[in-house]
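Student: There's a structure below that I have some questions on.
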Amino acid sequence: METVNTAIQPEKTRRRVLLKLSGEVIGGGKLGVDPETVRAIAKQIAAAVTEVEVAIVVGGGNFFRGAELSQSGMDRSRADYMGMLGTVMNCLALQDFLEQAGVETRVQSAITMGQVAEAYIPRRAIRHMEKGRVVIFGAGAGLPYFSTDTVAAQRALEVHADVVLMAKSGVDGVYTADPKKDPTAEKLDVLSYDDALRRDIRVMDQTAMTMCKDNSLSMVVFGMEGEGNVTRAILGETLGTLVTP
């Protein structure tokens with residue numbers, strides 16, 4: 001008689017988050033990588049990884065922005081691939097500082113580059129997180145025309161993250177208008193994706209927001225400024241703006 005394997009996947013017992021860091025954050029607002037900024041971010045992540053499973057998507061805007069390069073006459077696909085390579089450089093920088101902080105880290109790239117990163121395999125990423133490792137996803141989606149916001153939403157869904165954490169520079173959440181231009185702008189503590197889309201509030205790009213909305217994935221938009229904000233966001237403390245399906 002044939003034996004049927006009825007083993008089921010164990011349910012995750014810890015909170016699992018997907019942290020989205022822009023290239024501008026990694027660069028400290030300048031071109032390239034700002035070591036002190038990345039070191040500070042790594043220490044904040046390290047303070048939370050014993051309690052929470054963490055995956056990270058990193059942008060590449062501190063090196064290249066495909067959309068901007070294409071406006072200057074470069075082929076959009078080629079420009080986007082340059083941006084993807086920029087994200088991998090940021091991943092390696094963050095990996096280095098995380099490991100200096102005592103956190104075992106893996107980089108997974110959507111573009112094969114076996115000497116510096118693993119291939120992107122969702123099941124393997126989940127296993128790494130279950131073992132207490134941080135996983136950093138690089139090279140975007142491995143395809144042109146996809147923003148790293150969209151990649152953050154997609155990766156979060158594929159590794160079964162509980163929430164997407166959007167780290168922002170210069171703003172501490174979502175406002176009714178640009179607070180730098182409109183002094184009457186009010187900060188929103190809670191916002192639905194429907195409201196954000198209807199009012200054209202640019203939390204992240206529309207493709208990413210729609211993906212989160214359709215799959216009931218919540219998001220927290222918070223400011224990088226403030227002592228320990230990255231740690232607090234990872235641990236699930238209330239800060240910034242909660243965007244809900």
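Note: Cβ is positioned from N, Cα and C throughout, glycine not excepted.
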Student: Of the candidates Asp75, Asp80, Asp172, which does Swiss-Prot annotate as part of the UMP site that also includes Gly60, Ala141, Gly142, Leu143, Pro144, Tyr145, Phe146, Ser147, Thr148?
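Tutor: The one candidate that Swiss-Prot places in that UMP site: Asp80.
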Student: Sorry to bug you, but what's the C-alpha spacing from Tyr175 (ATP binding site) to Gly60 (UMP binding site), rounded to the closest Å?
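Tutor: Tyr175 (ATP binding site) has its Cα 25 Å from the Cα of Gly60 (UMP binding site).
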Student: DSSP three-state call for Gly23 (ATP binding site): helix, strand or coil?
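Tutor: Note: Gly23 (ATP binding site) is helical by DSSP.
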Student: Looking only at DSSP and grouping its letters into three states, which state does Gly60 (UMP binding site) belong to?
Tutor: coil
Student: Using all protein chains shown, find which of the binding-site residues Lys20, Arg65 scores highest when you count other CB atoms within 10 A of its CB.
Tutor: Lys20
Student: Using a Cβ cut-off under 8 Å and a sequence separation of 6 or more, which residues in the same chain sit near Tyr175 (ATP binding site)?
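Tutor: Listed in sequence order: Ala185, Glu186, Lys187, Leu188.
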Student: Measuring Cα to Cα, tell me the gap between Ser147 (UMP binding site) and Arg65 (ATP binding site) in whole angstrom.
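Tutor: The separation of the Cα atoms works out to 10 Å.
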